[in-house]
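Q: Quick paste from Swiss-Prot:
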type	residues	note
BINDING	Arg85, Arg110, Asp135, Pro136, Met137, Val138, Ala139, Thr140, Gly141, Tyr142, Ser143, Asp206	5-phospho-alpha-D-ribose 1-diphosphate binding site
BINDING	Ile200, Gly205, Asp206, Ala207	uracil binding site
Amino acid sequence: MKQDSRFPNLFITDHPLIQHKLTHMRDKDTSTRTFRELLREITLLMGYEITRNLPITTKRVETPLVAVDAPVIAGKKLAIVPVLRAGIGMSDGLLDLVPSARVGHIGVYRAEDHRPVEYLVRLPDLEDRIFILCDPMVATGYSAVHAVDVLKRRNVPAANITFVALVAAPEGVQVFQDAHPDVKLFVASLDSHLNEHAYIVPGLGDAGDRLFGTKN
């Protein structure tokens with residue numbers, strides 16, 4: 001795990017396995033099936049770091065030999081909220097790690113001015129729940145900011161929100177940080193820049209199209 005001094009709320013998961021798999025995702029010749037599998041695997045690996053600081057309490061259990069007070073996650077279970085549509089490919093990896101998590105959805109599409117347009121919000125009960133928002137790309141940052149806005153407007157505290165993405169552009173991270181400096185953003189790579197079409201460079205193309213085998 002490393003950080004960039006420009007972005008205090010950004011955490012880059014630089015584990016060799018994650019970087020290896022991300023390289024294969026970037027390859028334009030990687031098949032839809034392999035892209036989907038790699039996205040799931042990387043998200044699972046990132047999930048280990050994202051959940052490192054979950055609150056812990058103890059529970060009395062009987063082992064075959066003795067009774068013991070053993071650690072369990074405190075409070076309500078996690079909620080995983082993919083930003084549609086590409087975020088769906090990340091939710092499976094997180095559910096592999098935490099299969100009892102609740103799942104919500106936030107649907108947005110990017111308008112011609114690159115601003116997000118919301119078309120769907122479905123969330124589990126919010127009280128005392130820890131939320132992980134997921135979307136493979138933080139390009140302009142507007143969709144990520146909007147997703148966090150959705151939760152904060154419903155009085156979810158910033159400390160209970162984490163955003164996870166595969167790749168991000170510095171421009172988008174800056175937008176996210178300006179809007180939500182109190183929310184942690186985890187990525188596998190901070191890429192170079194956005195091009196004139198607001199695509200991340202080098203990036204991995206359109207994550208949704210590559211995930212579902214569609215064309216923009």
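Positions of Cβ are set from backbone N, Cα and C atoms, glycine also.
Remember, it's a predicted structure, so these values are computed and weren't measured experimentally.
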Q: Take the Cβ of Ala207 (uracil binding site) and count every other Cβ within 10 Å, whichever protein chain it belongs to.
A: 25
Q: Between the binding-site residues Gly141, Gly205, whose Cβ has more other Cβ atoms within 10 Å than any of the rest?
A: Gly141
Q: Whole-number answer please: how many Å between the C-alpha atoms of Arg85 (5-phospho-alpha-D-ribose 1-diphosphate binding site) and Ala207 (uracil binding site)?
A: 9
Q: Check Met137 (5-phospho-alpha-D-ribose 1-diphosphate binding site) against DSSP and tell me helix, strand or coil, would you?
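A: For Met137 (5-phospho-alpha-D-ribose 1-diphosphate binding site) - judged by DSSP and reduced to three states - the answer is strand.
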Q: Rounded to the nearest angstrom, how far is the Cα of Gly205 (uracil binding site) from the Cα of Ala139 (5-phospho-alpha-D-ribose 1-diphosphate binding site)?
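A: Distance between the two Cα atoms comes out at 11 Å.
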Q: Near Asp135 (5-phospho-alpha-D-ribose 1-diphosphate binding site), which residues of its chain come within a Cβ-Cβ distance under 8 Å, counting only those 6 or more away in sequence?
A: Pro82, Val83, Ala86, Gly87, Met90, Ser143, Ala144, Ala147, Phe163, Ala165
Q: Between the Cα atoms of Gly141 (5-phospho-alpha-D-ribose 1-diphosphate binding site) and Gly205 (uracil binding site), what distance do you get, rounded to the nearest Å?
A: 16
Q: Other than its own, how many Cβ atoms are within 10 Å of the Cβ belonging to Ile200 (uracil binding site)?
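A: I count 27 other Cβ atoms within 10 Å of it.
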Q: Secondary structure at Arg85 (5-phospho-alpha-D-ribose 1-diphosphate binding site) (DSSP, helix/strand/coil)?
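A: It is coil.
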Q: Reduced to three states, what secondary structure does DSSP give Gly205 (uracil binding site)?
A: coil
Q: Please list, in sequence order, every residue of the chain apart from Ile200, Gly205, Asp206, Ala207 whose Cβ lies within 8 Å of the Cβ centroid of the uracil site.
A: Pro136, Met137, Tyr199, Gly203, Leu204, Gly208, Asp209, Arg210
Q: Counting other CB atoms within 10 A of each CB, which of the binding-site residues Met137, Asp206 comes out lowest?
A: Asp206
